[in-house]
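Novice: First the structure, which I've put down as structure tokens, then a few questions once you've had a look.
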Amino acid sequence: GVGFKAGVKDYRLTHYTPDYETKDTDILAAFRMTPQPGVPAAEAGAAVAAESSTGTWTTVWTDGLTSLDRYKGRCYEIEPVPGEENQFIAYVAYPPDLSEEGSVTNMFTSIVGNVFGFKALRALRLEDSRIPPAYSKTFMGPPHGIQVERDKLNKYGRPLLGCTIKPKLGLSAKNYGRAVYECLRGGLDFTKDDENVNSQPFMRWRDRFLFVAEALFKSQAETGEIKGHYSNATAGTCEEMLKRAVFARELGVPIVMHDYLTGGFTANTSLAFYCWDNGLLLHIHRAMHAVIDRQKNHGIHFRVLAKALRMSSGDHIHSGTVVGKLEGERDITLGFVDLLRDDYIEKDRSRGIYFTQDWVSMPGVLPVASGGIHVWHMPALTEIFGDDSVLQFGGGTLGHPWGNAPGAVANRVAPEACVQARNEGRDLAREGNETIREAAKWSP
């Protein structure tokens, strides 16, 4: 007789294991799935586990040459989503051997590579993942981390302040450098290349880096503070990207920048290793994230992309602002902000955290609040993000009616006033605007 029966097999038989006890070394994932009508939840969950690990749609001879029990993904729990008719959270455990060490690229190729186009599912979203220390320890993590960055910059006890230079496209390198100088001279810690600024015909990267470095050193000499500009090293090839990072280091600037989703995890980690070896801070922008994380029932939640960045490496990452959005968003945003900054984060479903995450000793990433913020948001931002964050303005600096430098002064005075008021025990939610009005009287 033949060894096994051909034909399409039920995934449930092998990949749905409700009695499985998860191991400390397992990579865990929580998927929000919307099965097609008529597909049972257990079958859909098992299909997700199978297709993102060892399974295929039929039994194959070569299955006998390995131990599937050791390598297969297991759907170990399914819970209906309250208030949704046909939605479930499927919990899947993967053995760590399925992912190459130190490769976010390979981890994602496994867990979210194929399965999102799966016919039996109407939609699928990766809501959260648990990275075990056994696996996270194979990653370098951020090149410096929060504490080392503060030590390098000699800035303590307050959020760091930045400003994206606008108009983002069209300025010449010389004028761009001038805007950088005015902002830094006014009191900001950092200025930033917009994520779209790479090396376009109106401003080639080398010219921009040079004029920006000049602005940095001039403003440093005049203020006695350490200044930085996120020079965007993102490029069309890894070699070109590293060439730009090398040039930045040769100029003696403290920080470079990368778009980690459009540039890709592989390029990002290569750049991070260079930064680690050469003492450069690495600022990460998340251009393209909304393509992946904006849909509520399909895609990947940003908290997973944030965890992936902490492993792939970066010292700063953009993480939304909360301000002016809904209250519910606040807890969710703070959930992944803590996943970026802290060592140990407890499971807390109200903040969207499905698993307890222990980063052990991996350095933290500074969350960057950017997008439409200005001085009147300061009390709220100080309260929400605390000291370990970067507050990133744009129009909120350069839109000041008196010019860029006064805009930067205002940006610096407001958070310092808020931090002082908070430290004196005043309630920022109630007295914040008053605090800023008071401070403005003494601001030049």
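Just so you know, glycine gets a Cβ as well, placed from its N, Cα and C.
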Novice: With ASN114, THR164, LYS168, ARG286, HIS318 listed by Swiss-Prot as substrate-binding, which of these, SER67, SER219, SER370, is given for the same site?
Specialist: SER370
Novice: Mind telling me which of the binding-site residues LYS168, ARG286 has the densest Cβ neighbourhood, counting other Cβ atoms within 10 Å?
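Specialist: Within the set of binding-site residues, the most crowded position is ARG286.
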Novice: How many neighbouring Cβ atoms, not counting its own, are there within 10 Å of the Cβ of HIS285 (active site, proton acceptor)?
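Specialist: For HIS285 (active site, proton acceptor), the 10 Å Cβ neighbour count is 29.
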Novice: Any idea which of the binding-site residues ASN114, THR164, SER370 has the thinnest Cβ neighbourhood at 10 Å?
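Specialist: Per-residue Cβ counts within 10 Å for the binding-site residues ASN114, THR164, SER370 bottom out at ASN114.
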Novice: With LYS192 (Mg(2+) binding site) as the reference Cα, tell me which of the recorded positions LYS5, ASN114, THR164, LYS168, HIS318 is the closest one.
Specialist: THR164
